[in-house]
């Protein structure tokens, strides 16, 4: 059934929809299945994503039609369509009237993913009216809170050198805590790897007290504040809160230095919201494990990594992993820096829409996946700043001297870039950074050809 007469209006102007502040606008790449027209399928998507179905129903009235999602723009040559969703379509909390992210996802990227007349459909951007942003939680704390604890400048506190405890699984409590202590002697921030929690060989109630003690000892030895991101991911919110409460109680006076890591993609929006609303004083660390199933550049359905990051800011994530922008081991390229810009700035141009955040706190880009001291200068140069959290597991524990030396090499890498120094010349006066060349020779050969001769290192 062709529903374009009701669910499409190509005379609508985007600037008018934006000025009206009454719609969420969504941009998709779309390819119809063979034998179907582009506008026909686009209208069917809008219908299925709002008030329609595959037949006319007798219960539809004029009010219902007033909240139809409408296709307002198509670019068939480039396979792009845009839909305006009336804001009133989205479910609201009974408790506080906030708009539910799950409702947005259910409509904008729900049943339309399985329609028979659609070959491919992927959301690549969306726009939220500035006047409606207060209906989303947004972050409660951000990187400025961490900078304050670290004694940094409150507006431009710079790079936070972090790691992931490696190996990701298999360490018992004592070796785990020792690995944390060794890194903290040179670095700032440690996160649980996303599967770490309460395994039988490393029970939470044994390892967390040891990690809290390791933090205290490292702080005493270095005179620096240390940060820990503890995984509270679980199948239900009672278990999440049980873990969170135990962790905060165990860290005691150092509890403000604890972030909560949540596997937000596999766990879903409700898990992020549980952490955000129950623990607004803690840094909310959104890990996106599993997202590549739909956000991979090879995927043609679902939504992009850009969309996931933008959603995370609305949900209230203090920070989210954004890949490595082509400088690490994860999928992505240099243009992914726009993901970071969208979540850290108060306004930014996305692939389709210019989003103003109206003062909503920023979400910090968290960089991880194959990064080390040699790869970071190029990364910083591409991004244009170093106000990120970087968690380098192999880049720390793979350093030829020690995890502390690996952590120090990360810090030195940032200082090298910030000062505008040539990395090889900088290495001559910075031992830990220099030893990173020997620690990661394959990277050194690729990024800094001739480094052996220049640094006097021989095979």
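The backbone N, Cα and C atoms fix where each Cβ goes, and this holds for glycine too.
The substrate site recorded in Swiss-Prot includes 111, 168, 321, 368, and the single candidate from 276, 277, 288, 411 that the record places there is 288.
Distance between Cα atoms for residue 288 (substrate binding site) and residue 194 (Mg(2+) binding site): 9 Å, as a whole number.
The Cβ neighbour count for residue 166 (active site, proton acceptor), using a 10 Å radius over every protein chain in view, is 18. Taking Cα separation as the measure, residue 166 (active site, proton acceptor) is nearest to 368 of the recorded positions 287, 321, 329, 368. According to DSSP, residue 321 (substrate binding site) sits within a strand segment. Listed in sequence order, the residues of the same chain lying 6 or more apart from residue 191 (Mg(2+) binding site) and placing their CB within less than 8 Å of its CB are 162, 163, 164, 165, 228, 229, 231, 259, 261, 285, 391. A sphere of 10 angstroms centred on the C-beta of residue 193 (Mg(2+) binding site) encloses 21 other C-beta atoms.
Within 10 Å of the Cα of residue 329 (site 'Transition state stabilizer'), the following binding-site residues from the list 111, 194, 368 place their own Cα: 368.
Classification of residue 111 (substrate binding site) by DSSP places it within a helix.
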